[in-house]
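> I have a structure I would like to understand better, so I am pasting it below and will then ask my questions one at a time.
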Amino acid sequence: MWTENCSGWFLSFGGAAPYRPVEDLAFAVARFYQRGGTFQNYYMYHGGTNFGRTTGGPFIATSYDYNAPIDEYGIPRQPKWGHLKDVHKAIKLCEKALVATDPTYTSLGPNLEATVYKTGSGLCAAFLANVGTSEVTVNFSGNSYLLPAWSVSILPDCKNVVLNTAKINSMTMIPSFLHQALNVDADSTEAIGSGWSWINEPVGANDGERI
């Protein structure tokens, strides 16, 4: 069980924005299930925002975006969100074999490994991993497969690759935010008609004498 597979890290004031490539995150997920993992959780999958003094430590920014697949505003971060979705679908295709038997491991060479989940009834799923720094062509069950560096190929039928974690097929999106001037002439009647509501709240907690 893997409880915190970090999609990024928290942001510190004055520091660089944390970033974890989706290829590395996808590799970690596939490699975990390849090695017999049963449950993994992202931290975070949906970013958020800390307010006031809830940031949890000195110099930690209020943004808790965490470079997550869904950012703190609820917008999918591409290609991270889309590629992980594809990884999840590929692992789902292996589900019956994964839960039916234990894996067997075979070395395909230095930094290369094949993992096979195969049952007596014919269910078969395989993972081919390259944990090295150079792409390699391997032979597995009589077929040749190109494995990019630091990647896992998923074969739900032990023959056909449905996904390699280093190859991204989802779209890339670079969001931009527009600054628009406020309407300083808006009155309460116009605000009420917009559907927004508000409440006046005193600053701080007090009992009339102490804050």
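Cβ from N, Cα, C; glycine included.
Heads up, TrEMBL stuff is auto-annotated, nobody curated it.
Per TrEMBL, the features are:
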| type | residues | note |
| --- | --- | --- |
| DOMAIN | 1-90 | domain 'Glycoside hydrolase 35 catalytic' |
| DOMAIN | 113-168 | domain 'Beta-galactosidase beta-sandwich' |
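Could you give the neighbours, burial and distances for every feature on this list?
Restricting the average to the domain 'Glycoside hydrolase 35 catalytic' (1-90) gives a pLDDT of 94.
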> Within the domain 'Beta-galactosidase beta-sandwich' (113-168), count helix residues (DSSP H, G, I), strand residues (E, B) and coil residues, in that order.
0 helix, 30 strand, 26 coil
